[in-house]
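Reviewing the structure listed below.
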Amino acid sequence: MSPLVPHLILYLLLLTVVTGEILRPRFYSETCPEAESIVRNEMKKAMIREARSVASVMRLQFHDCFVNGCDASVLLDDTPNMLGEKLALSNINSLRSFEVVDDIKEALEKACPATVSCADIVIMASRDAVALTGGPDWEVKLGRKDSFTASQKDSDDIMPSPRANATFLIDLFKRFDLSVKDMVALSGSHSIGQARCFSIMFRLYNQSGSGKPDPALEPAYRQKLDKLCPLSVDQNVTGPLDATPVVFDNQYFKDLVSGRGFLNSDQTLYTSRETREYVKMFSEDQAEFFRAFAEGMVKLGDLQSGRGGEIRLENFEVRSDPSAVELGFLRIEMDWQGQKLVEQLMQILLVIAGVVAVVVGYATESFRTMMLIYAGGVVLTTLITVPNWPFYNLHPLKWLDPSEAEKHPKPEVVVASKKKFSKK
Ligand code: HEM
């Protein structure tokens, strides 16, 4: 055996560590084989305690992944130096069931300490929410790291308001490489769960400043909503998002076809020409909806932040490596496609450097040459991928028009609960 072979093996191991983990199914099959069944079991228990809770957990995936990737940043409480996402416009008094994630984390920490990230928990639990309520089941890719930081501002800027229309939603989802079909299918998540009167008051009483209700509302349904949400109502009162709010099915789309969508952002998918055909299709073909939904959830779960990461632990002490945070901020400046390009370039360049180093090292039978070439490759990769070069910003994100956020008044905090596991 060539004396280079052990070095080659060492080198390949090193390469795996340097290039970082890529999301893949059964990521914990060696380190925590029970992970997926523990999560499902805890979700079952949560559903028995409160049927709605699984829908609330599933919503976390959307609110986590759209804001700087699926990194569990949505679970972080505010700190003196950081305004977290929990109190962002779309989340305050609205995102809930964080305690279910805490319970899952606790069960996983008992079985396999410091192994499974909260970001992966959100992804597994969201899949389970759908499967447990009668929807499709799919294989999830895992291996995410938890973020060190969260951004209320990014959440405010990105997350859509219930007033959004189809054109706005199409554009928003497109920025995340999600197609019109993905967007309509993912909106089908509103097949389970509830929403507050707060989210539809304008629709019932002053649609687009007209002083009138949304004409797209079917009259009998509007009367029902008027009763649920009279002008004097406590706006935290909730109503079901479709006619079967604890069953994941295509009833949501049937409701849209008959003018019985709860949110403006739901109904607009049928009133708008660009999305109507998909609503019709899903209302008639549940299997097609299930397929498209599962595909959309996997794509949503693929959104990554490029921030430095960790596996958040029970006491959630900050174990941050400041340079990693800095690196994270560098990346956050980049547009979304820039971040993707950086990740791909880094992996490609390191692999090329590795292959060239091994081939030349082998040919010259020189370990030193191999290491020198590889080190050169690492330096070159760093120079290309770490600074925020202009070519990483060719697709600047067009954030929400501030007027859209203004239309989305910030309610007062009702409960500011301290979460056992969700703070750092
Ligand atoms: C297409 C754009 C979307 C908009 C504008 C939107 C907006 C909303 C709003 C306003 C609520 C009710 C909040 C409240 O009144 O407290 C809600 C609830 C919900 N959303 Fe969305 N959403 C969208 C997409 C999604 C996606 C992609 C998912 C999941 C993958 C999702 C999952 C949910 C769930 C499950 C609920 C019910 C949660 C509960 O019962 O606690 N939504 N959404």
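Think of each number as a place in line: the chain as shown, counted from 1.
Note that Cβ sites are derived from N, Cα and C of the backbone, with glycine treated the same way.
Cys65 is paired in TrEMBL with Cys70, the candidate among Cys32, Cys70 named as its disulfide partner. Within the set Cys32, Cys118, the cysteine that TrEMBL bonds to Cys112 via a disulfide is Cys32. Recorded residues Asp242 (Ca(2+) 2 binding site) and His190 (heme b binding site) have their alpha carbons 7 Å apart, per Cα-Cα distance. With a cut-off of 6 Å between Cβ and the nearest atom of ligand 1, the recorded positions Glu85, Cys112, Cys229 reduce to an empty set. Recorded residues Gly69 (Ca(2+) 1 binding site) and His190 (heme b binding site) have their alpha carbons 21 Å apart, per Cα-Cα distance.
With respect to Cβ neighbours within 10 Å, the recorded positions Val67, Cys112 differ, and Cys112 shows the lowest count.
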